[in-house]
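Student: As annotated by TrEMBL, transmembrane segment applies to 46-69, 89-109, 116-139, 151-171, 192-215, 221-241, 340-359, 379-398, 410-427, 447-471, 483-507, 519-536.
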Amino acid sequence: MEAGDEERPLIHYLHPQDEGSQYTCDGTVDINKQPALKQSTGNWRACLLILGAEFSECLAFFGVGINLVTYLMRVLHESNVDAAKNVSTWSGTCFFTTLIGAFLADTYWGRYRTVVIFTSFFAFGMLGLTGSAWLPLLLDSAYNGSGIHRVAVYLGLYLVAVGAGGIKAGISAFGADQFDSADPAERVRKGSFFNWFFFFSNMGSLLSSTVLVWVQENIGWGVGFAILMVLTVLSLTVFVAGRKVYRYKKLEGSPLTSVSQVVVAAVRNYHLTLPEDASALHEVPSPNEANCKIEHTFQFRFFDKAAIVVPPSGEKRSPWRLCTVSQVEELKMLLRMFPVWASMALFFAVTAQMSSTFIEQGMVMDKRVGPFTVPPASLATFHTLTIVVGIPIYDALVAPLARPTQLQRLGVGLALSVASMVYAALVEARRLEMVGAGGRAAMSILWQAPAFAVMGAAEVFSSIGALEFFYDQSPDGMKSLGTSLVYLAIAAGSYFNSAALGAVGGWIPDDLDEGHLDYFFWLIAALSVVNLLHFLHCSRRYRGNKTAS
């Protein structure tokens, strides 16, 4: 890498427009595919509808997931380890399917249609879950936990997983699209949008961990799922009603195809020698690249071979043998982000404990708080309240005063996640000591509250920071793919948690008083420390994908 790379913007706009124009300058269009008017489309007027859709989706998603381990254990009679593994696997699938949604959003459907179509899948999944919850009552109590019941439950769950993945892949990027990236004032609002996006997500989570959990535990699972199904349909209706005020990004072709072409072309040209002058590499903008090009950098130089121009042989070169510098640099952008992505994957393995092992730990603690009996899943309220309170504080005080970089924000969150796991391990060790002394269930469930609260603070920094980081650092034609990388990290963390639970099953028997859940928490805490050190090392070397205004 040469020194000049550090200061030179990677994106150079060839045809900037007048910032005072009545139209947006970033190429967005309205519902009629005409240039979007600033005064009547996008901005906060559109984002309020998008935030409302996100609120409803998260209310439904967490309404299913936050108490799912309890449902699987009590209704389907699964063991501690099996229930925790199945919840983590299902959660991972919800976020893994964001790749499918991102591909369709960036290539074929656009973000708006992707959200509408996948919300429909989500609604059908909720319909299936509602039907499965009523199935034992309609047929016979003997069907409770039977093969037919289990198939119905998991069919509904995985339809929800497909729907949730598509929604998550498109909705945050669609919200960010409502702000003109070429307008300095709107760029600032876009940064604030990610904070409020996460705020509304967690307001949905707050209601699900309090009201919905109470309904499920005291009225019935069927009623709880039916409420979520109705809310999902209403949310879809309102979201579609706002289609005339949204701004839409033009489709730019499949980002995965472009990336694949660079890899294949570089491998095919491995025997060629790179020219000393980078300007000799191939760069002929296609119609999709009329507004900007990406300047050459000197990292990952092997992939530059995909842009080596061979003396003309009288035939047109295949895009699988010759790519533009801009295509190569898009791949480099993704590769630069990979170490950060890997760190976030392990961070989300830590947050996965809140819907699995933390719930099981709470089940064997004293759930009485005064005259009330607190469901273990409701302890997630402390996590959500921390986020709901923390986001406005961060937005109003921390961001303007401290001005942390995106990577600094992620680092603080990783450090807080370590503290949460250490605390959870100490609580479990103390609980086992009390059990050994004959004090079964003497330890109040409220001792879990600090672990949930610290995890919430960690997410204020890391989860929101990750959404903003991967959106900003992704190439222009890969914004949905960029935000889906966050959800793919959540999927990887959930799958990792499921695998770890399977590997140490002996520590987590059906009777936790006879096991060592604390050992598992210490293991996750130790891995998190290593992850934090890895992140600090990588963040110091990270060279950002900067965009010129």
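Glycine is treated like the rest: Cβ placed from N, Cα and C.
Note that TrEMBL annotation is computational and uncurated.
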Student: So which of 192-215, 221-241, 379-398 has the most C-beta pairs under 8 Å when paired with the transmembrane segment (116-139)?
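Tutor: Between the candidates 192-215, 221-241, 379-398, the best contact partner of the transmembrane segment (116-139) is 221-241.
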Student: So which of 151-171, 192-215, 340-359, 379-398, 447-471 is most in touch with the transmembrane segment (519-536), counting Cβ pairs under 8 Å?
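Tutor: That would be 340-359.
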Student: Any residues 6+ beyond the ends of the transmembrane segment (89-109) with a Cβ under 8 Å from its own?
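Tutor: Residues 61, 65, 68, 117-118, 157-158, 160-162, 164-170, 173, 251-257, 352, 355, 477-481, 483-484, 487-495, 498.
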Student: What stretch of 46-69, 151-171, 192-215, 221-241, 410-427 shows the most Cβ pairs under 8 Å to the transmembrane segment (379-398)?
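Tutor: Per the Cβ under 8 Å count, 192-215.
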Student: Residues of the same chain, at least six outside the transmembrane segment (340-359), with any C-beta under 8 angstroms of its C-beta?
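Tutor: Hits for the transmembrane segment (340-359): 65-70, 83-84, 87-88, 91, 376-377, 379-380, 383, 407, 410, 413-414, 417, 420-421, 424, 448, 451-452, 455, 458-459, 462-463, 466, 469-470, 485-486, 488-490, 492-494, 496-497, 500-501, 508, 517, 520-521, 524, 527-528, 531-532, 534-535, 538-539, 542.
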Student: Under an 8 Å Cβ to Cβ limit, what residues of the same chain, 6 or more beyond the ends of the transmembrane segment (221-241), are close to it?
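Tutor: Same-chain residues near the transmembrane segment (221-241) but 6 or more away: 49-50, 52-53, 56-57, 59-60, 63-64, 71, 75, 115-116, 119-120, 122-123, 126-127, 129-130, 133-134, 137, 212, 215.
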Student: Below 8 Å between Cβ atoms, which of the listed ranges 46-69, 151-171, 410-427, 447-471 makes the most pairs with the transmembrane segment (192-215)?
Tutor: 46-69
